[in-house]
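What Swiss-Prot says about this one:
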type: BINDING; residues: CYS334, HIS385, HIS511; note: Zn(2+) binding site
type: DOMAIN; residues: 1-61; note: domain 'TGS'
type: REGION; residues: 243-534; note: region 'Catalytic'
Amino acid sequence: MPVIRFYDGSQQVYEHSVSLIEIIKNKKPSIMKSLIAISVNNHFSNLNTFIREDAFIEFVDQKNYKALNIIRYSCAQLLSYAIKNIWPLAQIATSNIIEDGFYCDIDFKRSISEKDLILLENQMKTLVKREYNILNKLISYSEAREIFQKCFEKYKVSLIDENINCNSKVSLYYHENYADIDIGLQVFNIKFCKYFKLQKIGGVYWKKNKNNKMLQRIYGTAWTNKQELDKHLDYLNELEKRDHRKIGKFLQLYHMQEESPGMIFWHNKGWIIFNELQNFVRVKLKEYKYEEVKTPLLIDKLIWKQSGHWDNYKNAIFTTLSEHREYCIKPMNCPGHVQIFNSRLKSYRDLPIRMAEFGSCHRNEPSGSLHGLMRVRNFTQDDAHIFCTREQVRSEINDCIKMIYDLYSTFHFKKILVKLSTRPEKRIGTDSLWNESEKDLSDMLIENHLSFEYQSGEGAFYGPKIEFILQDSLDRNWQCGTIQLDFYLPLRLSSFYINEKNEKKVPVIIHRAILGSIERFIGILIEECSGNLPTWLSPVQVVIISITDISSGYVKELFKKFSDVNIRIECDLRNEKIGFKIREHTLRRIPYILICGEKESSSKKISVRNRQGHNFGMIDVDFFIKKLQKEIITRNFYQMEE
């Protein structure tokens, strides 16, 4: 007498073994048309399966929150099936789901092109039209191995050998005659996989090991209905329009090249943005009483061993040799700041010491992960390290929080999310020290009226951490700011101060970052603003365009007037139609376009319009300059409207 329990908490008793079809007809016959999968005791089951013992059953229809991943798992292996149909000699390595989609890694003799994606997508659509049932089978280790050996699928054989015990069963899914290793619950019938799109091709090392073969990864997205798919594709189109790499190239801000992967060649206009942002942070550093320092790019490997960074991050650290001595190209600033702290004896009266640096850091990121300004190998950290006593921690944390929010408020992000990462299993320090430290951070967040989410066990082994995540207008989250307590590094690098009892005491270090990486933050801003940066950050703030040659003298006069008050200005005296000039400079995202013709020259005024197309009409030059200066000095995020 099997007792069947359902996801909604109800249960039903049967006097004999019963098929899943019969259970559905008794429980919820209306679900049959939209039923994509059934889970029995958290495992996929076929409709014809008979239940002979007590079981927990969940019906998954298209409205169920689990449906999306089930469809994506199915699409991932549908793609694998399509690949084998078109290119029988291609070897499937792995397939899986990711956020918003799925992927398949393949080993193939030639590079896959955009045209190939269309070919594969059409093949997938053809297979979906067959409306075949997807079958799940449990077979022995040796049977599974034999199936993939016969197909010359060496990657599948490798996965079975490494991940499955030889005495265990192997779960396979069958798309018609194509067999693949179970990666996740799939739909009953392929007809539920209509709404997908293949998107792009990338490269990835087998098992993420750069010593292994480079595979080709095909990415796709899949949804439960056409509306959701179209909505997602529209979102991706918007992302593409805002892509900082395209905008950066069009506006001539920077470029990158193969001879220096992950390194940025800043052009003049991009470097203006960089310096303006850096100078803004400098103003805040002065306001919050930080001292700015500069530490060497090369530091002996011995320091990095002492700090513990070599043991934990050596694969990401670039090194170089000179006179039989090995140096590390610094991946972070903290050990260098500790050297400055250690360079002379400190008293408790000297603390807190707030040390900031715009440090040029290098990290050996995998080439496949590099992405414009967002993921680079050389970046500028705006971090700081506060050396303080245990008693000063709370007030310093409080000031860090205020500084972070003060700076972020300038950029008007949609939302700031806050997360508090607490002690991991492997850690240093006593439980009482961790209790105090975590309470210090949480109390300061509460005192500042900030709601936050706990990330249990996600802190570093040397201390808890607060993360500040910026949410942009497209609902993407960017983790930028951090406040991290560290009891470990000063101990490792023998830092101490003399307390009021004339005893040596180890200081606490607070690691603090606001922008994180200046390069990455510029990329975030470009995408958030679609390249329409606020006037104070814009490389060119004003362009003056002439209507006729007659007004060129007045244009030059205006150019000098604006330049003399440090407004970044350009002239356009070309013999082109005025509409063409306006359109071109609007596309260049220049905040204000000044138009000068005979009327403006004779009245000594200017006609002003902004890049949104708002026309201010003809106004007094000095009045406009004052308004513009105010907008720049106050770092207003929005342009003047009147």
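Cβ coordinates come from backbone N, Cα and C, glycine included.
Quick caveat, the model's predicted, so the values are computed rather than measured.
Neighbours of HIS511 (Zn(2+) binding site), defined as other CB atoms within 10 A of its CB across all chains, total 23. Across the domain 'TGS' (1-61), DSSP classifies residues as 11 helix, 26 strand, 24 coil.
Annotated Zn(2+) site CYS334, HIS385, HIS511; additional same-chain residues within 8 Å of its Cβ mean position, judged by their own Cβ, are MET332, ASN333, HIS337, VAL338, ASP383, ALA384, GLN484, ASP486, LEU489, ILE509, ILE510, ARG512. Cβ neighbours within 10 Å of HIS385 (Zn(2+) binding site), excluding its own Cβ and spanning all shown chains: 27. Per-residue pLDDT, averaged over the region 'Catalytic' (243-534), rounds to 94. Annotation for CYS334 (Zn(2+) binding site): spatial neighbours SER307, ASP383, HIS385, ASP486, LEU489, ILE509, HIS511, criterion Cβ-Cβ under 8 Å with sequence separation of six or more. In the three-state DSSP reading, HIS511 (Zn(2+) binding site) counts as strand.
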